[in-house]
There are 2 protein chains.
Amino acid sequence: MRLAVIGAGAVGRSVLDLAGEYGHSVVAIADSESAAIDPEGLDSETVLARKDEEGRVGSADPDEAIDAEYDALVEATPTTLGDAEPGFSHALGALERDRHVVLANKGPVAERYGDLRAAERASTGEVRFEATVGGAIPAISTIEDFGPDHITAARGVLNGTANFILTRMAAEGLDYEHVLAEAQDLGVAEADPSFDVQGTDAALKCVIMANVLSGNGEFTLADAEVEGIEDVPGSALELAAEDGRTVRLIGEATREGVRVGPRLIPEHGTLAVSGTRNIVQIETTHAGRLNLSGRGAGGPETATAVLSDVGRLG
Amino acid sequence: MRLAVIGAGAVGRSVLDLAGEYGHSVVAIADSESAAIDPEGLDSETVLARKDEEGRVGSADPDEAIDAEYDALVEATPTTLGDAEPGFSHALGALERDRHVVLANKGPVAERYGDLRAAERASTGEVRFEATVGGAIPAISTIEDFGPDHITAARGVLNGTANFILTRMAAEGLDYEHVLAEAQDLGVAEADPSFDVQGTDAALKCVIMANVLSGNGEFTLADAEVEGIEDVPGSALELAAEDGRTVRLIGEATREGVRVGPRLIPEHGTLAVSGTRNIVQIETTHAGRLNLSGRGAGGPETATAVLSDVGRLG
C-alpha cells in the first residue's frame, strides 16, 4: 500500500524506515513545518537525513501530504486531549477522501471515538488503531477477533515509565523522586513526566479499550477515574514486599467505564511485569483470561503495530 | 456465516453451542456415524441431546455434511498423524467446493501443510487454523499480522497435561507416576497419556508454527527433535528449585526446524506458567519479545478460536 505519514517523531520515522520491509511505500511524510512527497515512494534515508540536518522533512507545505495519492494515512503526531486536534482533522481529511486511516495518536480514539466512527461510516476508508494501546502488543486486534461482546474487561500495565519507576522503587528501596530523576537521566521519563506518572497515558489507553468494548464511543478521559503514582511512598512498596506483593499502576476498562490507579498485586503474578514492559489481560466469556505482554512503547515497536494494521486493511 | 461442523467431540459441540452467539449458524454437523443437516440452522440443544441419548447427532450419512450448503467447514475430528486422514480429505472436499476451512484438527496443518496450501490455492476458499495452537491464545493470527518474515522464533509451553504434571511435581515434591495418576483421576490426563507426555502434541503445534514461519510447509512431525517428560525425575525439580529454577516442557519453532523437550527455566519467569495454562513467546525482529498466555485447551476455549477464525474469513 501507499502510505502518507503525518508526524516525523520516533513513530513516524520508524514507519518510514520499516514500510519497505513490509511491502509498502511511503509516498508522503509531513512534520509540523513541511512535507516531502514522491508518488514513486520516498527514500527513507534521504528524508531522515534532511530532517536531522535541516529540521524539516521536505520543502512542501505540510497540508499537501493529506492531499497526496495514498491508500492509507498514518497519523503519528503527538497525542492531544479535548478536541484531539490536529490529529482528528488529519484523520477526517483522509476519510473524506475515502482513504484508510491508521492511528498511532491516541487522541482521536480516546477523546472523539464517536465522531471518528461516524466519519468512518461516511467513508469507504477504514480506521485502525492497534498502535495506540500497548505498543507492539496486539490488544485491539485480539479484542476485535474475539468480538467485544465476548469480553467483559481488559486491564493491565499500560505505561512503561510508571512501571519502570515502581519496579526500581521496589527493587532498590528508593523513593519516587530519586527514581524519577534516574528515569529522566536514562531517557525513560520525559522532562515533564506528568502525562505518564499521573496516569493520564494509561487512562487514555483504557478509554480506547472501553470504547471498543462498548462499541458506541461514549467514553473520554473525563469519564475515567484516575490516580497516578506520585504519592506512592517507598514504604508502601516495602510493606507490600514483606507480604509477597508489589505495587503496579493498573488500568481497567469495562463497558461501564475506566479506572486507573496504583494497586497491590502478587509479586510474582502475571501482572507484575518489570521495567518498561506492558501487559494487557483480557477477560473472555468462554475462554478464560488471556495475557498479552511485550514492549509497550518505542519507535520500531509502535511502527510494527502500525504496519500490522496496514496489513489488516481490507 | 453458515458452518458445517465435522466432529462432535468437545470442540465440535462447543462450536455448535456458541456459533449463534457469534452471529453464525450451524447448518450441518457430523460425527463418525451420522450427520444432522438443516439449511435453516440446527438447534444445538436438540442435536446435543440426541448425541447424548442416542450416541449420534442425526440420521443422515456423515458424508452428506461435506455436501451441504455452508460457507465454512469446521474440521474438529481427532488429530491423526501421517496422512492426517480423514481430516485432510474433509478439508480438501470443502476447498474443492470453493468453501472456507477452519481447522481445530492439527493433523492436516502439521503433517500435510504443503498439500493443504496447494488445495487452498486452487480454491476460492481460505484455510485458517488458529485453534490448532494454544487453544484460545491468538498465536497464529499474531504471527500472521506481524508477518512471518518479521519473526525469528516462536516457543512456549504448549501442552497443558505435561505442564500440569511438572507443576504438581515441583509444588508437591512428588514423582512422575504419582502425579500422572492424579492427573488421570482429575481428567487432565487421558488414560493413554503418551501423546501429551511424550511431547508429540507440543511438537505438532511447533511444526505448525514452523510451517507458518517458513511459509513452504516443509516440516512434519518426523522432522521434529522431541523429548517428553516421562524421564524427568522428581529430584531434578528439587535441584532446580534450590537454584530458583524449575522445569517445563518447552517447544521451539524456527525457520530451521522444531525442538521440544524439558528445559530448565527461571522459577518466576514468564515461561513458568502453572497448571494447564499455555504460553507462546514470539521473537520479533523490530518489536522485541511478545508473550501470549491463556487456556491452551478445552471445548469452549478452542471453539472460541474457531469462531474468531470464522470472523476473520474474507
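Note: Cβ is positioned from N, Cα and C throughout, glycine not excepted.
Per TrEMBL, the features are as follows:
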ACT_SITE  A:Lys205  active site, proton donor
BINDING   A:Gly7, A:Ala8, A:Gly9, A:Ala10, A:Val11, A:Gly12  NADP(+) binding site
BINDING   A:Lys106  NADPH binding site
BINDING   A:Glu190  L-homoserine binding site
DOMAIN    A:138-310  domain 'Homoserine dehydrogenase catalytic'
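TrEMBL feature annotations superimposed on the structure.
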| residue | record | contacts (Cβ under 8 Å, 6+ apart) |
| --- | --- | --- |
| A:Gly7 | NADP(+) binding site | A:Ala30, A:Asp31, A:Val74, A:Glu75, A:Ala76, A:Thr77, A:Pro78, A:Ala104, A:Asn105 |
| A:Ala8 | NADP(+) binding site | A:Leu16, A:Ile29, A:Ala30, A:Asp31, A:Lys51, A:Val57 |
| A:Gly9 | NADP(+) binding site | A:Ala76, A:Thr77, A:Pro78, A:Gly299 |
| A:Ala10 | NADP(+) binding site | A:Gly298, A:Gly299, A:Thr302 |
| A:Val11 | NADP(+) binding site | A:Ala76, A:Ala104, A:Ala131, A:Gly299, A:Thr302, A:Ala303, A:Val306 |
| A:Gly12 | NADP(+) binding site | A:Val5, A:Ile6, A:Ile29, A:Asp31, A:Val74, A:Ala76, A:Ala104 |
| A:Lys106 | NADPH binding site | A:Thr79, A:Thr132, A:Asp201, A:Leu204, A:Lys205, A:Ile208 |
| A:Glu190 | L-homoserine binding site | A:Thr161, A:Gln184, A:Asp196 |
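Each residue in A:Val5, A:Arg13, A:Ser14, A:Val15, A:Ala76, A:Thr77, A:Ala104, A:Gly299 lies on the same chain as A:Gly7, A:Ala8, A:Gly9, A:Ala10, A:Val11, A:Gly12 and has a C-beta within 8 Å of the C-beta centroid of that NADP(+) site, without being one of the site residues. Counting every protein chain shown, the number of other Cβ atoms lying within 10 Å of the Cβ of the residue listed as 'active site, proton donor' is 29. Secondary structure at A:Val11 (NADP(+) binding site), as computed by DSSP, is helix.
Per-residue pLDDT, averaged along the domain 'Homoserine dehydrogenase catalytic' (A:138-310), amounts to 96 for this model.
A:Lys205 (active site, proton donor) carries a helical DSSP state (H, G or I).
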